[in-house]
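Written below as C-alpha cells is the structure these notes are about.
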2 protein chains.
Amino acid sequence: MKTTTQKLQDSWVHVPENSDFPIQNLPYGIFQTEKRGASVGVAIGEQILVLEEVARLGFFDDLNIDTSVFSSSSLNNFISLGKKNWTAVRQKLTELLDSENDALQSFKTDVLVEMADAEMLLPVEIGDYTDFYSSIEHATNVGTMFRGADNALMPNWKHLPVGYHGRASSIVVSGTDIHRPKGQTLAAEADTPEFGPSKRMDFELEMAFIIGKNTELGETVSTENAEDHIFGMVVFNDWSARDIQKWEYVPLGPFLGKNFASSISPWIVTMDALEPFRVESPTQDPKPLPYLQYEGNKSYDINLSVAIAPENSEETVVCNSNFKYMYWTMAQQLTHHTVNGCNIRVGDMMASGTLSGSTPDSFASMLELSWAGQKEVPLSNGETRKFLRDGDTVVMSAHCQKGDLRVGFGEVRSKLLPSR
Amino acid sequence: MKTTTQKLQDSWVHVPENSDFPIQNLPYGIFQTEKRGASVGVAIGEQILVLEEVARLGFFDDLNIDTSVFSSSSLNNFISLGKKNWTAVRQKLTELLDSENDALQSFKTDVLVEMADAEMLLPVEIGDYTDFYSSIEHATNVGTMFRGADNALMPNWKHLPVGYHGRASSIVVSGTDIHRPKGQTLAAEADTPEFGPSKRMDFELEMAFIIGKNTELGETVSTENAEDHIFGMVVFNDWSARDIQKWEYVPLGPFLGKNFASSISPWIVTMDALEPFRVESPTQDPKPLPYLQYEGNKSYDINLSVAIAPENSEETVVCNSNFKYMYWTMAQQLTHHTVNGCNIRVGDMMASGTLSGSTPDSFASMLELSWAGQKEVPLSNGETRKFLRDGDTVVMSAHCQKGDLRVGFGEVRSKLLPSR
C-alpha cells in the first residue's frame with residue numbers, strides 16, 4: 001500500500017481533481033452509446049475504457065482469458081472468470097493506463113468513450129437479492145420508534161445478521177425514474193385499510209456487494225473464505241413506502257413496501273480497489289457463535305451521503321454516514337447466508353441494510369431523520385420534508401479517502417415521479 | 001368442455017389407466033437422456049414427446065413460431081412466445097397425438113422417449129420466487145399455536161394476500177436429495193442460541209404458478225387480466241426448518257429456515273389443461289378492496305396428498321387436501337403483487353403457501369399435523385413422526401378428476417439426508 005506522502009500513480013487519461021475514478025479505482029460497468037450496444041467498460045476520470053476494443057487490439061492476449069466476456073451486456077461472464085483473472089485484468093489495465101505507458105494511448109480514440117456520451121445500464125444480471133439489517137443504529141432507531149427504547153433490538157439481533165429476501169426484478173440503475181407506488185395502508189385509528197398512493201415515501205441509504213463465485217446447494221462459505229466470493233460493491237437505494245410496509249409486514253416481512261424499486265450506482269468498485277481502506281468493525285458483544293467469528297479487518301472506511309433535490313431546486317445533503325459503522329461484516333453476512341447450505345450465484349446482490357450512524361445527522365432514512373414524521377427536515381430552498389415529495393431527486397454517493405487517494409462509487413440518482 | 005358421459009379423446013401413445021398424463025394434459029418439462037442434452041418435452045402416458053424432433057420433422061411449420069425454443073434447456077423461451085402460441089402448440093399436439101391421426105405416429109421412434117430413460121431437470125429459469133400465505137386454515141393453525149386462538153389471524157390477513165420473497169437459487173426439481181440444514185436455534189428456556197442441525201425439519205405442501213408474460217416496472221396487472229400472465233402450475237414442497245425459522249424470523253420474515261431448498265414437480269401443467277377443473281373459491285368476508293375483487297371462478301379443484309416413506313419402508317399418506325380451499329386466488333395474488341408497480345418476468349414462480357384444509361387429516365405440514373410437536377403422527381411401519389427424520393422421503397402429488405377425465409401433476413419426491 002502506498003503511503004500518503006508518496007506521489008500517487010497517474011494515468012495518461014485526464015482525471016480531474018477529486019474524481020471518484022482515478023487509475024487506482026477502475027470500476028466495472030455496462031454502458032451503451034448511440035453507436036455501440038451494451039458493452040463492458042471501466043471508468044477512468046470522465047471517460048469509459050471500452051474493454052472489447054482493448055481486447056480487439058490484442059492487449060489481453062497474454063492473459064489467456066475468453067475476451068468475449070467484454071462484449072456482453074452484463075458483467076456476469078467476466079465475473080465468472082474468477083478472482084485470479086479479476087486481479088490479472090486489473091493489473092493489466094493499471095499498466096496500460098499508466099501515464100508513462102504509451103502502448104494503449106496511441107489508440108485512445110478507439111478505446112475511450114466520454115461518460116457524457118454514454119448511458120449506463122444495470123451492470124449485472126441479478127439472480128437473487130438479499131437485504132440485511134446490519135446497522136445497530138438503524139435497527140435501534142426503528143425498534144425504539146415501534147417498540148420503545150427498552151425493546152428496541154429483537155433478541156436475535158446481536159446473535160445473527162438478520163436478513164430477508166428482496167425482489168431482484170425491480171433493481172434498476174441510477175437515472176431510472178421511480179413512480180410513487182400505490183398500495184394498501186391503514187390510517188391511524190382506522191379499522192379497515194384504504195387504497196391509494198403511499199404517503200410515506202422514503203429512501204434507505206445502503207451499500208450492496210455482488211457475488212463473484214458460485215457455490216453448490218449444501219455448501220457453506222466460511223468467514224475466512226467469504227471474500228473470495230465477493231466481486232465488488234455499489235451504492236444501493238432501498239426505496240421504501242413506510243405506510244404500505246407497516247400494514248403488510250406482519251408476520252412474514254416487507255414485501256410491496258419495498259419491491260416496487262431499488263436503485264443502484266452503475267459502477268461496481270472492486271474489492272481490490274477498496275483494499276487500502278480496510279478498517280476494523282464495531283466490537284461485537286456478545287461474541288457471536290464460532291461460525292460467525294473472524295480475524296483481521298473486514299470492514300471498509302467508505303464515506304456516504306444522501307442529498308435531496310426538490311424539483312427545479314438545488315440539493316441539500318440530509319445525511320452523512322459511513323459503511324464502517326455496520327455491526328455485521330459482509331463476510332459474516334455471507335457465511336450466515338450459506339451456513340444452511342443455501343447456494344449463491346455470480347451476480348447475486350446482498351445489501352447492507354440502512355447504514356445509519358450514531359448521530360442524528362447520520363441517520364440514513366427519512367423515517368429516522370424525521371423520527372417517524374415527528375420532525376421536519378429542513379432543505380436549503382426553505383422547504384422542509386418529513387417524507388419525500390413527488391419531484392424530489394434522491395442522490396446517494398460514496399467515496400473512500402486516504403491522504404490524496406480517493407476511490408469513489410459515483411452516485412445513484414433517481415427522481416420520484418407521481419403515482420401513475 | 002366434454003361431459004363425463006362422452007367418451008374421452010384417446011392417443012395412439014399408450015396411456016395406462018389412472019395416468020396423470022393423458023392426451024388432455026400435455027404438460028411441459030425439460031428432460032435429458034444419455035443421448036440427448038437438455039431439451040423440451042411433453043408428457044404423454046409413460047413417454048416424453050421430444051418437441052425439437054417434432055419441429056425438425058416439420059409438424060410445427062404452419063404455426064410460424066421460432067422452433068429453436070424447443071431445443072432450449074429451459075422453457076422460458078417457449079413461454080415467452082405468449083399465450084396465443086401456447087394454445088396453438090397445444091392444439092397441434094392434441095391433433096398429432098390423436099389415436100386417429102397417423103402422421104406423427106409413423107415417426108414414433110424418433111419423437112418419443114421413455115420416461116424411465118430420461119432425467120427430468122428444472123423446467124424454468126426462475127428470476128424471482130414469491131411465497132404467499134393464502135390458506136386461511138394454515139394461517140389460523142399456525143397463528144393459534146403461536147398467539148392463541150383469539151389472535152390467530154393478523155389484522156391484515158383478510159384484507160390482502162400476505163406474501164414474501166423467497167430464494168430462487170435453491171429451488172430444485174423432484175429427485176434432488178436435500179441435506180438437513182444447520183443453523184442457529186434457541187432452545188426452550190435458553191438465553192443464548194446454539195448451532196447445529198435443525199431438529200424440527202418439516203415440509204409444506206404448496207402449489208406454485210409460473211409467470212408467462214413480462215410486465216414493465218410501474219405496470220399493474222388487474223384481476224381480469226391476471227390469467228393471461230400465468231403459464232401453468234407445479235407441486236411445490238417448501239421445506240422448512242421450524243426451529244431455525246422461529247429464532248430468526250422477527251422482524252423481517254423467514255430466511256435460512258426456508259432458503260436451503262424448495263422442491264418442485266418437473267411437469268408444468270398448463271392453465272389450458274386445468275380449464276375443466278375451475279371452481280369457486282371460498283367466500284371472502286369482509287369483501288376485499290375493489291382492486292382485489294374479481295368475477296367468475298378463479299380457483300381449481302386439485303386433489304393434493306403428502307406421503308412419508310421412511311428409509312427402506314413403504315409410504316404412508318399423512319395429508320389429503322385440495323387447492324380449492326385457498327382463500328386468495330392466484331389472480332388476486334398476482335394483482336396484489338403488481339399493484340405497486342413491481343415487475344414480473346417469464347419464469348417467475350409464485351407459491352400458494354401451505355395448503356391445509358379444515359380437518360386434521362388435511363393439515364399440510366408436520367407443524368400442524370403434530371400440532372407443534374405435541375402429537376405423534378403414525379406411519380404404517382409402526383413408527384411415528386413429529387417432524388421428519390433423516391432418510392425420510394417426502395412424496396407430494398396432485399391431480400384433478402372429473403368423471404373419467406384425470407389431469408395430474410405427477411409428484412415431487414425428495415429424500416432428506418443427514419446434515420453435512
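Counting begins at 1 with the first residue displayed.
Cβ coordinates come from backbone N, Cα and C, glycine included.
Whatever TrEMBL says is automated annotation, not expert-curated.
Site annotation for Ca(2+) in TrEMBL covers B:D131, B:E204, B:E206, and the matching candidate from B:D98, B:D102, B:D177, B:D238 is B:D238. Within B:T33, B:T338, B:T354, the residue that TrEMBL lists together with B:Y133, B:R147, B:Q245, B:Y249 for binding substrate is B:T354. Contacting chain A by the Cβ rule (under 8 Å between Cβ atoms), the binding-site residues B:Y133, B:R147, B:E204, B:Q245, B:S262 reduce to B:Y133. Proximity to B:S262 (Mg(2+) binding site), judged by a C-alpha distance within 10 Å, picks out B:D238 from the binding-site residues B:D131, B:D238, B:Q245. A distance of 11 Å separates the Cα atom of B:D131 (Ca(2+) binding site) from that of B:K258 (Mg(2+) binding site). Cβ proximity to the Mg(2+) site centre (mean Cβ of B:D238, B:K258, B:S262, cutoff 8 Å) flags the following additional same-chain residues: B:D131, B:G166, B:R167, B:E204, B:E206, B:F236, B:N237, B:W239, B:S240, B:N259, B:A261, B:A351.
Annotated pair B:Y249 (substrate binding site) and B:H138 (active site, proton acceptor), C-alpha to C-alpha distance, rounded: 18 Å. B:E204 (Ca(2+) binding site) has B:T354 nearby among the binding-site residues B:Y133, B:R147, B:T354, counting only those with a Cα within 10 angstroms of its own Cα. For B:H138 (active site, proton acceptor), the nearest neighbour among the binding-site residues B:E206, B:Q245, B:K258, B:T354, judged by Cα separation, is B:T354. If you take the Cα of B:E206 (Ca(2+) binding site) and the Cα of B:T354 (substrate binding site), they are about 5 angstrom apart, rounded to a whole number.
Residue pair B:D238 (Ca(2+) binding site) / B:Y133 (substrate binding site) shows a Cα separation of 12 Å.
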